[in-house]
Structure formats: structure tokens, C-alpha cells
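**Q** First, the structure itself, so that you have it in front of you.
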């Protein structure tokens with residue numbers, strides 16, 4: 001982290017203050033984290049999630065993610081200042097000072113831990129806190145600026161919300177919880193490397209050793225291809241041998257996975273084509289959201305009743 005010579009700018013209204021602090025949390029990232037939490041919770045609760053517990057866990061997860069992203073903004077303010085697309089963020093533009101942002105981040109973390117401890121359980125709260133610590137110390141401080149494997153290892157932080165959701169429901173972590181964690185972990189490289197292919201020049205400008213910058217596009221798309229295949233296979237392990245999800249989820253996972261593989265295959269053969277990389281990046285977001293939605297739908301008692309009714313009718317016909 002390098003200090004930047006940014007003059008302090010004052011907000012013209014209280015609304016602008018709120019907007020600046022809201023932007024610090026990188027709110028567009030958070031919904032994707034929450035959907036993995038939801039998918040995990042519904043499977044753990046066998047489709048019958050306590051609405052209050054769901055609300056509390058989502059709120060606690062949001063606060064934890066917001067805290068981690070705020071600290072990330074503090075740490076990365078130097079490189080954000082050097083990139084045109086990020087120069088106008090609250091930290092590099094001088095709208096929010098380091099001390100104020102740090103107090104904000106700590107307050108969010110404390111609120112998250114307290115909320116989850118009181119209304120869920122200590123395991124869920126501890127996992128959320130560990131996610132903040134891992135993201136800040138391992139990814140932001142250590143890996144991001146020093147290793148091409150930054151988002152691979154750092155992807156563990158983004159996968160922790162799935163564990164938080166499971167722990168909030170059961171108070172334990174089963175093999176299914178760890179598999180959902182692994183699915184998100186394995187999905188992260190194709191997702192972020194596709195983005196890195198799109199903005200490779202920005203990363204090169206500020207010296208971030210993303211894989212496309214160091215190894216080139218051809219090597220990157222090969223890694224994307226391998227991780228995509230492994231991710232799709234991993235999603236099916238929830239059906240067999242773990243039996244945590246059923247036929248509805250299996251159909252959704254196979255359909256989504258087929259498209260994911262096809263788009264990754266196209267990028268493998270067009271490593272320099274940014275529109276193809278963008279297409280994969282955008283689809284990877286939809287893929288994870290719809291996959292988790294499939295977990296939710298499959299876990300619902302109504303879904304089970306409908307499947308059983310169809311099976312019984314087929315037996316009668318045969």
C-alpha cells in the first residue's frame with residue numbers, strides 16, 4: 001500500500017456522505033455472496049428455513065462482506081487512484097478519509113459478529129469473522145499484489161458465506177457444507193480470470209500480477225477451462241454420493257453446467273477475444289445465482305411432493 005497525495009474533499013449533503021460510505025462496501029458484489037448463503041441454508045434446513053434466522057444471517061453476512069470490502073478499499077486506494085475507472089471511488093477521490101473508513105469497517109464487523117452470535121450461533125459468527133480476516137490479510141495484503149494465484153487461494157474468502165449459512169441452520173459443518181464451499185471456491189477462478197482478461201491492461205498498469213498479465217491469455221484460458229470442468233463435476237456431487245439434493249437440482253446443474261462448459265470452450269479457442277471473455281464473465285454470475293436457486297427449489301417440501309406424485313403416477317401407468 002502506497003500513500004497517495006489526495007486532498008480531502010467535503011460532501012455537499014448528508015445524502016452524499018451516505019452514498020460514499022455505501023460505495024465503500026462495493027454493494028454489487030454482496031448479492032452474489034448472499035445467494036450462496038441462501039442456497040446452503042435451504043439445503044441444511046431441508047427446505048424449511050426459519051424466516052427470522054434467514055433475515056439475521058443475510059444481514060450478518062452483508063455486514064461482514066461490507067466490512068471486508070471497506071478495508072479492501074482502504075488498502076487499495078493507491079492502485080485505485082492510478083486507474084481511471086476507479087479513481088473516483090470514495091477513498092482515492094478523498095471523499096472519505098482512512099481513519100473514518102477504518103472506524104466504519106470495524107463497526108460493521110462488530111455488528112456482524114454480534115448479530116450472528118446472538119441470533120444464530122457462535123460458529124456462524126466466527127466463520128463470518130474469519131472470512132473478513134482471510135480476505136483482508138491473506139488475499140488483499142499478501143496474495144493480490146504478489147501471486148498469480150491470488151484469486152485462487154483468495155477465493156476461499158468468497159466461499160465462506162456458504163459455510164456461514166449452513167452453520168447458522170445446524171450449528172455444525174457437514175460434508176455437504178464443505179462441498180458447497182468447494183463449488184464456490186472452484187467457480188471463482190473462471191469468474192475472476194474472465195474479468196481479468198477484460199481489464200488486463202488496468203492490472204498491468206498498477207502492477208497486479210493477475211494470471212493474464214504474467215502468463216498471458218492462452219495460459220489463462222486453459223486454466224479457466226480446467227476449473228470450469230471441475231466446477232461442473234463438483235456441483236453434481238451434491239446429488240451423488242452425498243444425496244443432499246435431488247433430481248430437480250441435478251437437471252438445473254447439468255443444464256447450467258453445459259452452457260458454462262460451452263462458453264468456456266469458446267474462450268479456450270478465442271483467448272484474445274474480449275467480448276467472449278465478457279460473455280463468460282457475465283454468464284458465470286448467472287450460473288452461480290441460478291445454481292443456488294436450484295438448490296433452494298429442489299429442497300422445498302412442495303418440490304418433493306410434486307416429484308413423488310409424478311413418480312406414483314408413472315408407477316400406476318406402468
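In case you wondered, yes, glycine gets a Cβ from its N, Cα and C as well.
Heads up, here are the entries from Swiss-Prot:
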type: TRANSMEM; residues: 29-49; note: transmembrane segment
type: TRANSMEM; residues: 51-71; note: transmembrane segment
type: TRANSMEM; residues: 102-122; note: transmembrane segment
type: TRANSMEM; residues: 123-143; note: transmembrane segment
type: TRANSMEM; residues: 151-171; note: transmembrane segment
type: TRANSMEM; residues: 179-199; note: transmembrane segment
type: TRANSMEM; residues: 219-239; note: transmembrane segment
type: TRANSMEM; residues: 241-261; note: transmembrane segment
type: TRANSMEM; residues: 280-300; note: transmembrane segment
**Q** Take the transmembrane segment (280-300) and find every residue of the same chain, 6 or more past its ends, with a Cβ under 8 Å from one of its Cβ atoms.
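**A** Apart from its flanks, the transmembrane segment (280-300) reaches 32, 35-36, 38-40, 42-43, 45-47, 180, 183-184, 187, 190-191, 194-195, 198, 224, 235, 238, 245-249, 252-253, 256, 259-260, 263-264, 266-267.
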**Q** Within the same chain, where does the transmembrane segment (179-199) have neighbours whose Cβ lies under 8 angstroms from its own Cβ atoms, ignoring anything closer than 6 residues to its ends? I mean 6 or more beyond.
**A** 36, 39-40, 43, 85, 151-152, 154-156, 158-163, 166, 210-213, 217, 220-221, 223-224, 227-228, 230-231, 234-235, 237-238, 242, 244, 260, 264, 267, 271, 274, 277-278, 280-281, 284-285, 287-288, 291, 295
**Q** Spell out yes or no: are there three or more C-beta pairs under 8 angstroms between the transmembrane segment (151-171) and the transmembrane segment (241-261), with each pair 6 or more apart in sequence?
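**A** Contact between the transmembrane segment (241-261) and the transmembrane segment (151-171): absent, because fewer than 3 Cβ pairs are under 8 Å.
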**Q** Are there residues at least six beyond either end of the transmembrane segment (51-71) with Cβ under 8 Å to its Cβ atoms? List them, or say none.
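**A** Cβ under 8 Å, 6 or more out: 24-27, 29-30, 33-34, 37-38, 41, 101-102, 104-106, 108-109, 111-113, 115-116, 119-120, 124-125, 128-129, 131-132, 135-136, 140, 157, 161, 164-165, 168-169.
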**Q** Report, as numbers and ranges, every residue of the chain located at least six residues beyond the transmembrane segment (241-261) whose Cβ falls under 8 Å of a Cβ in that stretch; write 'none' if there are none.
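**A** Residues packing against the transmembrane segment (241-261) from afar: 43, 175-176, 179, 190, 228-229, 231-232, 235, 283-284, 287, 290-291, 293-295, 297-299, 303-304, 307.
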